[in-house]
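K.L.:
Can you keep this structure in mind? I'll have questions shortly.
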Amino acid sequence: MPHADRNLAHAVDADRGVIQQRDSTMQDRLIVGLDLPTLKDAEKAVRELDGVISFYKIGYQLAFAGGLDFARELASGGTRIFLDMKLLDIDNTVAKGVEAIARMGMTMLTLHAYPKTMKAAVEAARGSDLCLLGVTVLTSMDEQDVIDAGYEHDPHTLVLRRSEQALHAGMGGIVCSAEEAEAVRRIVGPDMAVVTPGIRPKGSDHGDQKRVVTPAQAIRNGSSHLVVGRPIVGAADRRAVAEAILDEMRSA
């Protein structure tokens with residue numbers, strides 16, 4: 001399995017779980033989503049990307065197919081793992097879950113950006129290196145989807161409101177579309193992580209994503225980390241696609 005230097009420029013403020021982005025390389029800032037159905041598929045993808053990628057996202061699909069043990073294995077070797085669980089439950093349940101995940105050695109964890117949920121998670125993660133990310137509005141949702149879900153605000157306004165709440169709760173970062181990254185950055189300041197999924201290289205299929213941005217534009221907009229799944233793991237030559245995305249990020 002690939003190894004990554006734990007002494008990367010992404011220093012972690014243990015009080016907030018804030019991953020600093022100063023002086024980091026673009027390789028540090030590209031997170032590959034292992035959105036794959038089996039552990040065997042994920043292991044193959046990681047082997048193919050060895051030396052190019054050192055940060056992976058594991059979500060529901062892989063987590064429930066042996067991915068949690070795989071996450072521990074990768075983390076123990078120095079690879080950084082973003083566990084995309086989007087936690088939302090009563091305070092005590094969220095807190096206990098966060099405590100358990102912090103012990104696993106994960107780098108990032110998502111939860112929905114609800115004030116009480118975030119406060120419970122921040123308290124549970126205190127003293128650990130776990131960076132908690134508040135999910136604002138999914139990048140697969142447009143304005144009509146937000147209205148249908150019962151919210152009064154448009155996606156942009158809702159993202160900004162939840163970003164401010166995450167800042168006040170002591171969260172380490174935000175997950176939002178890169179379309180909103182510039183406005184979010186003005187709210188949260190230079191040090192909080194602004195993690196943006198829905199990244200699509202020029203000419204690639206958008207799939208089920210609605211609020212998408214290219215890698216270079218995401219960097220220009222203030223994203224600290226880009227999450228790219230299917231365009232890389234679904235490619236015939238994963239390594240070449242990952243390298244092309246890194247080149248595009250460097251061109252920003």
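Quick reminder: no glycine exception, Cβ is built from N, Cα and C everywhere.
Those TrEMBL annotations? Automatic predictions, nothing curated.
Quick paste from TrEMBL:
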- ASP84: active site, for OMPdecase activity (ACT_SITE)
- LYS86: active site, for OMPdecase activity (ACT_SITE)
- LYS86: active site, proton donor (ACT_SITE)
- ASP89: active site, for OMPdecase activity (ACT_SITE)
- ASP35, LYS57, 84-93, THR139, ARG200, GLN209, 229-230: substrate binding site (BINDING)
- 29-245: domain 'Orotidine 5'-phosphate decarboxylase' (DOMAIN)
K.L.:
Give me the count of other Cβ atoms within 10 A of the Cβ belonging to ASP89 (active site, for OMPdecase activity).
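P.N.:
A count of 14.
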K.L.:
According to DSSP, does MET85 (substrate binding site) sit in a helix, a strand, or coil?
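P.N.:
Where MET85 (substrate binding site) sits, the three-state DSSP reduction gives strand.
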K.L.:
Taking just the CA atoms, what is the gap between THR139 (substrate binding site) and ASP89 (active site, for OMPdecase activity) in Å?
P.N.:
22
K.L.:
Identify, in sequence order, the residues in the chain of ASP84 (active site, for OMPdecase activity) that are 6 or more apart from it along the sequence and have a CB within less than 8 Å of its CB; answer 'none' if there are none.
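P.N.:
Looking at Cβ-Cβ distances below 8 Å from ASP84 (active site, for OMPdecase activity), excluding near sequence neighbours, one finds GLY33, LYS57, ILE58, GLY59, TYR60, THR110.
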K.L.:
Identify which of the binding-site residues ASP35, ASP91 has its Cβ surrounded by the largest number of other Cβ atoms within 10 Å, counting every protein chain shown.
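P.N.:
The most densely surrounded of these binding-site residues is ASP35.
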K.L.:
Taking DSSP three-state, what's GLY229 (substrate binding site) in: helix, strand or coil?
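P.N.:
Once the DSSP labels are grouped into three classes, GLY229 (substrate binding site) ends up as coil.
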K.L.:
Under DSSP, is ASP35 (substrate binding site) part of a helix or a strand, or is it coil?
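P.N.:
Assignment for ASP35 (substrate binding site) reads coil.
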K.L.:
Cα-Cα separation of GLY229 (substrate binding site) and ASP89 (active site, for OMPdecase activity), in Å?
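P.N.:
One finds 27 Å between the Cα atoms of these residues.
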K.L.:
Name the secondary structure element type, per DSSP in three states, that contains THR139 (substrate binding site).
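P.N.:
Note: THR139 (substrate binding site) is coil by DSSP, not helix or strand.
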K.L.:
To see if you understand the setup: which same-chain residues, six or more apart in sequence, place their Cβ under 8 Å from that of LEU88 (substrate binding site)?
P.N.:
VAL94, LEU111, HIS112, TYR114, THR117
K.L.:
Around LYS86 (active site, for OMPdecase activity), how many other C-beta atoms are within 10 angstroms of its C-beta?
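P.N.:
So the number of other Cβ atoms within 10 Å of LYS86 (active site, for OMPdecase activity) is 16.
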K.L.:
Fewest other CB within 10 angstroms, which one of the binding-site residues MET85, THR139?
P.N.:
MET85
K.L.:
Taking the Cβ of GLY229 (substrate binding site) as centre, how many other Cβ atoms lie within 10 Å?
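P.N.:
Cβ-Cβ neighbours of GLY229 (substrate binding site) within 10 Å number 22.
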